[in-house]
Amino acid sequence: MAQALPWLLLWMGSGVLPAHGSQPGIRLPLRSGLGGAPLGLRLPRETDEESEEPGRRGSFVEMVDNLRGKSGQGYYVEMTLGSPPQTLNILVDTGSSNFAVGAAPHPFLHRYYQRQLSSTYRDLRKGVYVPYTQGKWEGELGTDLVSIPHGPNVTVRANIAAITESDKFFINGSNWEGILGLAYAEIARPDDSLEPFFDSLVKQTHVPNLFSLQLCGAGFPLNQSEALASVGGSMIIGGIDHSLYMGSLWYTPIRREWYYEVIIVRVEINGQDLKMDCKEYNYDKSIVDSGTTNLRLPKKVFEAAVKSIKAASSTEKFPDGFWLGEQLVCWQAGTTPWNIFPVISLYLMGEVTNQSFRITILPQQYLRPVEDVATSQDDCYKFAISQSSTGTVMGAVIMEGFYVVFDRARKRIGFAVSACHVHDEFRTAAVEGPFVTPDMEDCGYNIPQTDESTLMTIAYVMAAICALFMLPLCLMVCQWRCLRCLRHQHDDFADDISLLK
């Protein structure tokens, strides 16, 4: 998952409380989209919606509200494995490609996959090891029959990594026992020959090659007895559900089929452009990853964004640890000053040449509510934007504002305003466009690739240079050896003469 699972850092400080989890809150009727200064010329919308194939759009009642989770600990769906079926909760992760489940006792697991009890399990006699920035897991590969009770009415034979050992992978109290990697085969472990679950699903059934996610997040409940309420959402497999979003869907191309990589062309804080080379936003990639909690930004972009957010919210002072995600800030219940925090706009490459669209993110998304703090009279939050060394990661806190369509068949990702996102009476999340943005292709970061033929050429050149320098040296050594030999022979002859005397 871009690839690290979310972990909560616990710190103490003056007037600052340690972070633990989340408390939900106000959900008001959605108003019109957020206004703001357009980027360049704003063009008319060509069509309200693009035509879709039959079966791609419609109502998927059986799949609505099939996700559960806890704030900062991921969203999971119920799945069954084996014969007879064993039910497990599986984390939905668009930032990895392995379907992996706990298959041995673990202190944080209430249940696990028992391969020996399944008559349909097949052992592939192959191991797999997956390290993360923090944590790792390893296990054994096999296949078994898999279905999703609140999903399409199909059963598929899928590759399963049975996790036998792990470190800092499972989360205590998260209520999930495995991970469903929904990205492409290129990043599957141990290699890209291992077919991911969604590829198997599409190949073995008539399910269309797309899925969509509505992650609803958590605000604060009016009833404090609901403070431990789970987050929820929907994973629509094989289609798009109209009831889960408002307005139009806007699509950005999938740049490369490994992670769900996209191109960000501009970033604004409260309408003010960060004015950075757009390559910086995508260094070394930008991905959409439901398995990561935060919006993660490359170092330079993170520093510029935090500087702008600090300036916009300067009416209140916050400790440095807050901006690093290590400390919480709290206000008396119901008094959070949302208005002092700016909105963040990410402009994404559009499908039409030189056109982009923007998604606008509210502070209710990037300030993540946490639960179980020392005093229940306060609303406490963690700053959910963090620094990344592996590019931009649009994690769950971003996705919670939008209905996101992973249209694998057309190599594109769609965004629309989610019908369940948390907001206030003054501002809502927004998806707006099109905007004129030239030379967007230049914004993508190209990882330097050196093939074997290039390496061989370099090796030959280096060998030739070495030979060129070594040749005179070799000649000098040979000449020295010859002279030494002649001198040695002369000395031997002189010694013989002296003996004869």
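Cβ atoms here come from the backbone N, Cα and C positions, even for glycine.
Noted from Swiss-Prot: Cys216 is disulfide-bonded to Cys420, selected from Cys278, Cys330, Cys380, Cys420. Annotated by Swiss-Prot as motif 'DXXLL', the relevant range among 201-205, 366-370, 496-500 is 496-500.
For Cys278, the cysteine that Swiss-Prot lists as its disulphide partner among Cys443, Cys466, Cys474 is Cys443. Closest to Asn354 (N-linked glycosylation site) by Cα-Cα distance, out of the recorded positions Asp93, Asn153, Lys279, Lys299, Lys307, is Lys279. With Lys275 (N6-acetyllysine) as the anchor, the candidate recorded positions are Asp93, Asn153, Asn172, Asp289, Lys300, and the one with the nearest CA is Lys300. Within 10 Å of Asp93 (active site), counting CA to CA, the recorded positions Asp289, Lys300, Lys307 contribute Asp289.
The Cβ of Lys279 (N6-acetyllysine) lies under 8 Å from the Cβ of Asp442, Cys443, Gly444, Tyr445, each of which sits 6+ residues away along the same chain.
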